[in-house]
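A.B. asks: Straight out of Swiss-Prot:
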- 1-230: region 'Pyrophosphorylase' (REGION)
- 9-12, 23, 73, 78-79, 140, 155, 170, 228, 333, 351, 366, 377: UDP-N-acetyl-alpha-D-glucosamine binding site (BINDING)
- 103, 228: Mg(2+) binding site (BINDING)
- 231-251: region 'Linker' (REGION)
- 252-459: region 'N-acetyltransferase' (REGION)
- 363: active site, proton acceptor (ACT_SITE)
- 386, 387, 423, 440: acetyl-CoA binding site (BINDING)
């Protein structure tokens, strides 16, 4: 196999997005568009990858890190000019170079591999990825000769009436003999309506020099969608969502209503897990097997163990063990670690807490900045009072502790193993192991008080 290189064009400003966010960084199913492209081209066995950046260069570099080298297009003068900015990295290399736009998040490695194979088998100097569509308005047209060979690519704005009738379009993805590409770029003119240096002109230059120019027509037109505005962004989101949902269902995940279920591109879900309508799974979430998620549940950047149930709840940046029950209407906030066989019930909020195996907070509780042992029962209305208006403090609850209903644990405080806290207590000091702590006013019953009060009011 000859050397393979790729150039990703990601320098466009994206004016039509009408956004402060750089265009190729807009997410599709939770991942920036350009990251989708990089993830796919990285499967092609590349020797070098160069991303051409312009507006928002630093943000793109931060997103992609050391996966790619970068070239700066300080002034946007067209796609040929953009590719030429990679000359310092690639111009002297022998091999095949793939050129693709950073705003095509739906492209797959399989389609690009097919393009590269067509290029190799045809012995071509250039091969363009094309598609056939009924309404090609706005796309460059593929002009072929009487033998069906590619002659040139004409941009929509420069096409004549005959060329506008062509329905085979340029998708903006190409592969070239690397040295032929960079030798041809200097020959590209900007004598066109836009006054730009078009990369498709390289096709005509190579053809006129007698080189073989090939085309690979994909049947997956959706993959070639370029995102230039919010409408196209929403279209890409829907297509990617359906693709992700289908992949999960094929792999053994039950999705009750795929049209109302959203799974990020990087999420991993085990077999025989059921997702109910309104479920949103974001970021790098990993969900085990035999789980039941939803309805109306959001999980972000979290790890969920096998056989866990989460109903109408939110889990962020946390880890849950196996056979955990969460919800309905619970909120597990970042940096929480929930053990196995735990119950987090309705209207319970847990934040930055380690919650031990088989422990439970069944309803109406707030547990923050705490370490909760195993086999602990937190009664209804249990509160860790962790904030004094300036600093956060830790509550430690040992194994086998029983906290009665409507109790406040004022941190920093420790309740040792096996201790009991009576209902209605406000605990401000440590509770020894196996002690009963009662911290509430003693009940006083005043006999016949009501009759005396009512008689007094009558008089």
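Cβ atoms here come from the backbone N, Cα and C positions, even for glycine.
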A.B. asks: Mind checking which residues of the chain, 6+ beyond the ends of the region 'Linker' (231-251), have their Cβ under 8 Å from one of its Cβ atoms?
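C.D. replies: Long-range Cβ neighbours of the region 'Linker' (231-251): 17, 26, 28-29, 33, 36, 105-106, 222, 225, 258, 261-265, 267, 269, 271.
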A.B. asks: Among all chains shown, work out which of the binding-site residues 228, 386 has the most CB atoms within 10 A of its CB.
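C.D. replies: Result for the most crowded candidate: 386.
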A.B. asks: Fewest neighbouring Cβ atoms within 10 Å: which of the recorded positions 23, 333, 363?
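C.D. replies: Least crowded of the recorded positions 23, 333, 363, by Cβ count within 10 Å, is 333.
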A.B. asks: Mean pLDDT for the region 'Linker' (231-251), rounded to an integer?
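C.D. replies: That stretch averages a pLDDT of 98.
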A.B. asks: Max Cα-Cα distance in Å among 386, 387, 423, 440, the residues listed as binding acetyl-CoA?
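C.D. replies: The span, Cα to Cα at its widest, is 22 Å.
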A.B. asks: Give the distance between the Cα atoms of residue 103 (Mg(2+) binding site) and residue 366 (UDP-N-acetyl-alpha-D-glucosamine binding site), rounded to the nearest whole Å.
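C.D. replies: The separation of the Cα atoms works out to 44 Å.
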A.B. asks: Nearest to residue 387 (acetyl-CoA binding site) in three-dimensional space, by Cα, is which of the binding-site residues 11, 78, 170?
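C.D. replies: Out of the listed candidates, the nearest Cα belongs to 11.
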A.B. asks: Here the binding-site residues are 9, 11, 78, 103, 387; which one has the lowest number of other Cβ atoms no more than 10 Å from its Cβ?
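C.D. replies: Relative to the other binding-site residues in 9, 11, 78, 103, 387, 387 has the fewest Cβ atoms within 10 Å.
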A.B. asks: Cα-Cα separation of residue 333 (UDP-N-acetyl-alpha-D-glucosamine binding site) and residue 423 (acetyl-CoA binding site), in Å?
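C.D. replies: The Cα atom of residue 333 (UDP-N-acetyl-alpha-D-glucosamine binding site) is 26 Å away from the Cα atom of residue 423 (acetyl-CoA binding site).
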A.B. asks: Relative to the Cβ position of residue 140 (UDP-N-acetyl-alpha-D-glucosamine binding site), how many further Cβ atoms are located within 10 Å?
C.D. replies: 26
A.B. asks: For residue 366 (UDP-N-acetyl-alpha-D-glucosamine binding site), list the number of other Cβ atoms lying within 10 Å of its Cβ atom.
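C.D. replies: Its Cβ shell of radius 10 Å holds 20 other Cβ atoms.
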A.B. asks: To the nearest whole angstrom, state the Cα distance for the pair residue 366 (UDP-N-acetyl-alpha-D-glucosamine binding site) and residue 228 (Mg(2+) binding site).
C.D. replies: 45
A.B. asks: Closest to residue 228 (Mg(2+) binding site): which of the binding-site residues 23, 170, 386, going by Cα position?
C.D. replies: 23
A.B. asks: Over all shown protein chains, what is the count of other CB atoms within 10 A of the CB belonging to residue 423 (acetyl-CoA binding site)?
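C.D. replies: Here the count is 15.
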A.B. asks: Around residue 170 (UDP-N-acetyl-alpha-D-glucosamine binding site), which residues of its chain at least 6 apart sit with Cβ under 8 Å of its Cβ?
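C.D. replies: When sequence neighbours closer than 6 are ignored, residue 170 (UDP-N-acetyl-alpha-D-glucosamine binding site) has 128, 130, 139, 140, 141, 142, 153, 200 within Cβ distance under 8 Å.
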A.B. asks: Of the recorded positions 363, 386, 440, which one has its Cα closest to the Cα of residue 9 (UDP-N-acetyl-alpha-D-glucosamine binding site)?
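C.D. replies: Among 363, 386, 440, 386.
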